[in-house]
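As recorded in TrEMBL:
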ACT_SITE  B:CYS214  active site, thioimidate intermediate
ACT_SITE  B:THR216  active site, proton donor/acceptor
BINDING   B:26-27, B:LYS78, B:129-131, B:180-181, B:MET297, B:313-314, B:342-345  NADP(+) binding site
BINDING   B:GLY181, B:GLY211, B:CYS214, B:ARG217  K(+) binding site
BINDING   B:ASP247, B:GLY248, B:GLY249, B:GLY270, B:GLY271, B:GLY296, B:MET297, B:SER298, B:ARG314, B:ALA315, B:SER316, B:GLU317, B:GLY318  GMP binding site
DOMAIN    B:10-185  domain 'IMP dehydrogenase/GMP reductase'
DOMAIN    B:211-367  domain 'IMP dehydrogenase/GMP reductase'
Amino acid sequence: MDTVGTFEMAVVMSQHCLFTAIHKHYTLDDWKLFATKHPECLQHVAVSSGSGQNDLEKMSSILEAVPQVKFICLDVANGYSEHFVEFVKLVRARFPEHTIMAGNVVTGEMVEELILSGADIIKVGIGPGSVCTTRTKTGVGYPQLSAVIECADSAHGLKGHIISDGGCTCPGDVAKAFGAGADFVMLGGMFSGHTECAGEVIERNGQKLKLFYGMSSDTAMKKHVGGVAEYRASEGKTVEVPYKGDVENTILDILGGLRSTCTYVGAARLKELSRRATFIRVTQQHNTLFS
Amino acid sequence: MPHIDNDLKLDFKDVLLRPKRSTLKSRSEVDLTRSFSFRNSKQMYTGIPIIAANMDTVGTFEMAKVLCKFSLFTAVHKHYSLEQWKEFATQNPDCLEHLAASSGTGSSDFEQLEQILEAIPQVNYICLDVANGYSEHFVEFVKDVRKRFPQHTIMAGNVVTGEMVEELILSGADVIKVGIGPGKLVHSHAPSVASTCGAPFKSFLVTFLLGSVCTTRKKTGVGYPQLSAVMECADAAHGLKGHIISDGGCSCPGDVAKAFGAGADFVMLGGMLAGHTESGGEFIERDGNKYKLFYGMSSEMAMKKYAGGVAEYRASEGKTVEVPFKGDVEHTIRDILGGIRSTCTYVGAAKLRELSRRTTFIRVTQQVNPIFSAES
């Protein structure tokens, strides 16, 4: 997302061995400058692209100019279109040695299709994001925990991998995604509102805020494509989130939470978490007295 | 003998549509137009089958003017005079094929309907609307209207179960309105229909009270979860080559898509179209915020307006609310149509007609990530 997947974010993330899917709106020159200044980050970032021709050409030029970048993130709203499957094949043919992340989908058969078409890691999640309105605008979606469990099963059977993308609101959710079998967990909202995010800090009534929006929201469409096309509805919202300071603190909080989860279930490594995970269905997440 | 129906019945909020393989490249490739041939009137319909409800705040001539540009349909409320109808017909002849004239079962309603249809023969649709479509009186009324107007397409309701859909279709109705109490404000009760009150109910429905602001469910405990009602009624209607309207319960474009996915031929909207420039109802400005008044057709507000007050033997079954002013309805229409196009691409339906065949619903416990929902 253009607010979260920034170069500034990548610098901090890579210090903790975390990964950044850099948004697709940086220019080639931005990339070259970043690569020169922060060569140590490059193994922990991906170049993103939609399925359009312009996106593909720009991504190709970036990957040529910065060969240290080994990851490609192919991202469309609807990973179920045949057009996208063809696009994944095309990118695989052109970049045989890059690791391709592709999505989003929510069901096992489509995970398999994309892996067999050349993707390595499948992004799982339709509509769970905090600024995503796909579910209210279209009624389409899939509960994220079940999607992760089912898609992980399909992917692992083919020695593929998945990313749980969206729906995490707290470190506990990240732990649940890993527990459900996700190999990676992608975060948007939880990383929003930090110093490293794009956009200015807004001050209002003594409160500091930052803008955060979905990539199909009015805000994003106006910014990048000049508006919402007539035949479509915006499928994202725009919110002002409280400014949370440096992302470093949030990262430590998430990693600390995950470590704690692992000790609770007796997993010495993250790898063991899903094998040690037994989920209990509940009717209440936490005591609501003071929330 | 009291009986509890233990079969699970679902609402729109209980499900999501599962995405499916799709050969569509863009939402712009989706065709939302449908054509129907009606069982009893033998008439043809072509258009985008979304209907503005016959509430006096929504089913206005101003709304009809905009909706017909998008080939959407308007069930015009029954409180316009013959003169107003004539004036509208002269000024907007192109819109008339996308309109229905409404009536309750009262004799004054029916006389006015006759006058309107005689004066404006281009109006081919009749919307017969009572709160309780289960009354024998209503069935007789539908038969009478069918005899009087053999070639008009009759929409009739509201009901929520298959056997009553069949009864009304066999009595001469073409399109059955489905939904009791799912609306934000119950709108289907005509103030003048006193006769339904003493009429025998064919069935009482033990229902889940959903905590919605719909007051029929609160006041009477009668109702049926809308998604299940649509699925069951569509099945019954289609078996007889009849059609149904999912009436009420839609709170966002996704719900409209789910109604079509469940098998509705038409979807009728009230609340989603309220609060616009083209909506009826008073415009209110308070503390810099703009609102429009929106009320159910058996709310106290409506009953005072049209029947001089709430009769002693009955309770008001609708609410009056101030909805934030939303500007021109055109934007809302684009948003709804864009949403449904997107749904169709997700499930691989190139035409709206294919949507229900491509629909698999997943039961869910949560619709949306609630983190920022206060701001939306």
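All residue numbers here begin at 1 and follow the chain in the order shown.
Each Cβ is built from the backbone N, Cα and C atoms, and glycine gets one as well.
A TrEMBL annotation is a machine prediction, not a hand-curated record.
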Length of the line joining the Cα atoms of B:VAL130 (NADP(+) binding site) and B:GLY249 (GMP binding site), in Å: 17
Against chain A, in sequence order - binding-site residues B:GLY249, B:GLY318, B:THR343, B:THR345 with Cβ under 8 Å: B:THR343, B:THR345
Maximal Cα-Cα distance (Å) across residues annotated as binding GMP, namely B:ASP247, B:GLY248, B:GLY249, B:GLY270, B:GLY271, B:GLY296, B:MET297, B:SER298, B:ARG314, B:ALA315, B:SER316, B:GLU317, B:GLY318: 24
Predicted model, mean pLDDT over the domain 'IMP dehydrogenase/GMP reductase' (B:211-367): 88
Cβ packing number for B:ARG314 (NADP(+) binding site), 10 Å threshold: 14
Binding-site residues (B:VAL130, B:ILE180, B:MET297), the one with most neighbouring Cβ atoms at 10 Å: B:MET297
Candidate nearest B:GLY249 (GMP binding site) in space, where candidates are the binding-site residues B:ARG217, B:MET297, B:ARG314, B:THR343 and distance is Cα-Cα: B:ARG217
Spatial neighbours of B:SER316 (GMP binding site), counting only the binding-site residues B:SER26, B:ILE180, B:GLY181, B:ARG217, B:MET297, B:THR343 and Cα distances within 10 Å: B:MET297
Spatial neighbours of B:MET297 (NADP(+) binding site) among the binding-site residues B:GLY181, B:ARG217, B:ASP247, B:GLY271, B:GLY318 [C-alpha, 10 Å]: B:GLY318
Binding-site residues compared (B:SER26, B:SER316) - the one with the fewest other Cβ atoms within 10 Å: B:SER26
Binding-site residues: B:GLY181, B:GLY249, B:GLY271, B:GLY318 - member with fewest neighbouring CB atoms within 10 Å: B:GLY271
Rounded Cα separation (Å) that holds between B:ARG314 (NADP(+) binding site) and B:ASP247 (GMP binding site): 23
Among B:THR343, B:THR345, the one of these binding-site residues whose Cβ has the fewest neighbouring Cβ atoms within 10 Å: B:THR345
Alpha-carbon spacing, B:SER26 (NADP(+) binding site) to B:ARG217 (K(+) binding site), which is rounded to whole Å: 41
Mapped DSSP class for B:GLY181 (K(+) binding site), helix or strand or coil: coil
